[in-house]
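Look at Swiss-Prot and you will find 121-162 tagged as repeat 'PFTB 1'. Annotation source Swiss-Prot lists repeat 'PFTB 2' at 426-468. Under the heading active site, proton donor, Swiss-Prot lists Asp457, citing similarity to another entry as support. Under the heading repeat 'PFTB 3', Swiss-Prot lists 486-528, citing sequence analysis as support. Residues or ranges marked as repeat 'PFTB 4' in Swiss-Prot (evidence: sequence analysis): 563-603. Taken from Swiss-Prot, the feature repeat 'PFTB 5' applies to 612-653, supported by sequence analysis. The annotation repeat 'PFTB 6' is assigned in Swiss-Prot to 674-715 on the grounds of sequence analysis.
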Amino acid sequence: MWRLKIGDYGTKNDPYIFSTNNFAGRQIWEFDPDAGSVEELAEVEEARLNYLKNRFNVKNSSDLLWQIQILREKKFKQTIPQVKIGDRGEEITPEIATTALRRAVNIFSALQSSHGHWPADNSGPLFFNTPMNEDGGWGLHVEGHSTMFGTVFNYICMRLLGEGPDGGENSGCTRARKWILDRGGATGIPSWGKTWLSILGVYNWSGCNPMPPEFWKLPYFLPISPGKLLCYCRLTYMPMSYFYGKRFVGPITPLVLQLREEIYIQPYDEINWSKLRHLCAKEDLFFPHTTVQNLLWDALHNLVEPVLNRWPLNKLREKSLEAAMTHIHYEDEASRYMTIGCVEKPLNMLSCWAEDPNGDYFKKHLARIGEYFWMGEDGMRVQSFGSQTWDCAFAVQALLACNLTDEIGPILMKAHDFLKTSQVTDNPPGDFESMFRHTSKGGWTFSNKDHGWPVSDCTAEALLCCLYFSMLPPEIVGEKMEPERYYDAVNCIISMQSQTGGVPAWEPRRAPSWLESLNPIEFFDEVIIEHDKVECTASALKAMTLFKKLYPKHKAKDVENFIRNAAKFIEDTQKLDGSWYGGWGICFTYGTWFAISGLVTAKKTYSNCLAIRKATDFLLKIQCEDGGWGESYRSCPNKKYIHLEGNRSNLVQTSWAMMGLIHAGQMERDPTPLHRASKLLINSQLEDGDFPQQELTGAFMGNCMLHYPTYRNIFPMWALAEYRSKFQSSKIF
């Protein structure tokens with residue numbers, strides 16, 4: 001059976017893998033044919049069959065394979081009896097709230113790894129591997145409608161794995177191929193798909209819009225310099241431009257020739273590829289290209305590319321390809337060959353293979369590829385790159401809010417150790433600014449230290465946890481960090497703030513806003529330049545406020561300015577209905593919780609801040625009949641609040657809204673909405689103390705969703721903890 005291995009497993013005799021912190025937080029699934037008792041194997045099979053039976057109702061994995069493994073290893077058994085609140089006027093009591101909270105803490109503590117973090121799936125761009133929809137296609141994410149991108153990718157993957165093209169009407173390949181052909185064939189695949197199909201040899205490079213590697217030779221002062229782009233955009237098109245510049249095509253095998261016949265509605269040799277460059281299936285089109293943008297691509301394709309591929313300018317092409325590979329190798333080494341994410345990892349790895357199939361660069365990539373695979377009861381998938389630090393920081397805050405520190409000291413100490421071990425303690429190697437990198441010293445990444453890419457909100461949330469730990473007895477939570485490490489984190493956060501007062505995710509804003517209109521990616525939004533995010537700003541505001549209290553002398557003026565400007569940014573970006581748009585969660589519920597929590601730390605209250613009053617009204621207005629909150633992922637692409645179908649609730653979003661209202665002082669004005677929400681959380685708790693997996697709650701790039709299975713544990717526990725604490729202190733119980 002499959003087993004999750006944590007840390008340096010399998011690395012001792014491998015010369016192609018290296019780490020900055022002894023592989024803390026590294027997660028690798030391995031298949032062991034001899035592992036598992038009869039009972040454990042039966043439990044895994046039951047979980048698999050239950051998912052299969054309910055996959056169109058609850059599409060997201062509950063991460064049961066990891067839970068089964070770790071709970072059996074720890075011999076966990078929930079010993080606290082389940083509690084329920086009746087519908088006939090029964091009220092919540094301190095005993096009921098405390099019991100539900102302890103049950104949640106009990107199981108969640110058992111799910112902690114030996115390294116101190118909470119291993120979990122973090123499924124991002126699921127067009128790599130996602131369950132088939134009922135119509136025979138695949139979506140951009142697990143809950144999304146079928147797209148040409150997802151369906152063509154998964155059809156080709158099935159064929160590469162040995163499935164035949166015609167296996168009967170119920171065959172996955174048969175249904176997928178019909179879906180593709182019924183919509184005009186694979187010529188309608190978006191630009192990223194066109195690139196990958198060209199590399200494979202089932203599409204022609206002349207049908208792709210230009211991605212000239214000369215881009216990497218542009219001077220920095222130009223607004224379209226690669227150094228001014230969003231890092232994800234920059235690092236995706238880096239290897240793509242290498243492949244485009246070389247017109248690289250893999251081996252033309254019999255299977256490749258068969259695929260050419262299977263996914264198009266006309267003979268492959270008769271397709272006019274050049275006319276397909278702007279074509280995109282309507283199912284995939286989220287960000288249409290403007291006329292100006294299409295004219296730009298046409299000019300590059302018809303005028304510039306022919307010149308660059310002829311003497312003497314073909315010498316420039318050769319130098320540009322070398323420059324692209326130099327950047328690729330730099331980014332690979334700086335991230336210990338994890339790269340920045342799952343979209344970039346295979347592109348960089350394939351670039352190294354194209355350069356030298358037997359070279360060390362490619363072998364170093366292979367040594368890290370296992371960290372991108374995750375096993376659940378729904379099978380294996382490619383995940384984003386792990387959310388170890390992000391989940392751990394939220395978990396710590398939730399556990400601390402429970403006010404059970406004396407009972408869970410060992411859990412907190414291990415989490416503290418993980419966060420201390422995971423801080424990035426150096427800048428990127430060499431002359432990192434010439435490689436378009438920003439300072440990283442003092443930051444925290446989304447996953448682990450080896451990843452090497454700090455994120456502003458990950459840094460802020462982890463710093464906040466470490467500051468909390470510094471206020472607790474070291475014999476319970478471990479020794480606090482050296483002050484210089486807090487200073488480094490604060491310096492990192494300050495360096496990210498924009499002139500608006502807002503804070504972007506990965507790097508400071510460097511480019512003008514109009515550059516976003518040149519977005520070539522048809523299914524993503526806000527991917528060309530960095531954008532200030534309300535969540536990043538709020539996280540940073542919370543951390544900086546506590547830091548100022550504990551270390552008032554370090555960069556006092558800079559910290560004060562940061563706090564003032566961040567609070568103003570949050571107030572200035574509020575929507576007319578009182579909400580905030582969340583970029584990393586779904587969506588207005590998520591953003592509004594963050595915004596309120598940030599403003600409150602800046603001494604804003606319901607009485608002195610109009611933004612908090614409007615936010616409170618927004619949250620109360622969208623509360624569901626059952627006392628919860630439930631927002632559809634469709635809010636993200638539509639940029640307006642949309643309820644879940646059937647006006648049903650989602651427990652994670654209910655928790656966000658609860659905490660937002662608690663921070664806004666709703667307890668003191670009218671606790672009834674919070675009583676109703678808490679009742680829903682308590683009554684939804686499962687027999688073992690877990691909470692049920694429901695809809696997706698994470699998001700990115702406006703149109704793609706993320707799956708965070710630990711959210712269902714962390715946020716209901718956190719909300720119940722704050723609810724219980726506030727009611728006890730206000731003597732409403």
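Using N, Cα and C of the backbone, Cβ positions are placed for all residues, glycine too.
Source: prediction; values computed, not measured.
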(request) Please work out the number of neighbouring Cβ atoms within 10 Å of the Cβ of Asp457 (active site, proton donor), leaving out its own Cβ. (result) 27
(request) Would you mind splitting the repeat 'PFTB 6' (674-715) into helix, strand and coil residue counts from DSSP? (result) 16 helix, 7 strand, 19 coil
(message) For the repeat 'PFTB 2' (426-468), report the average pLDDT of the model, please.
(response) 98
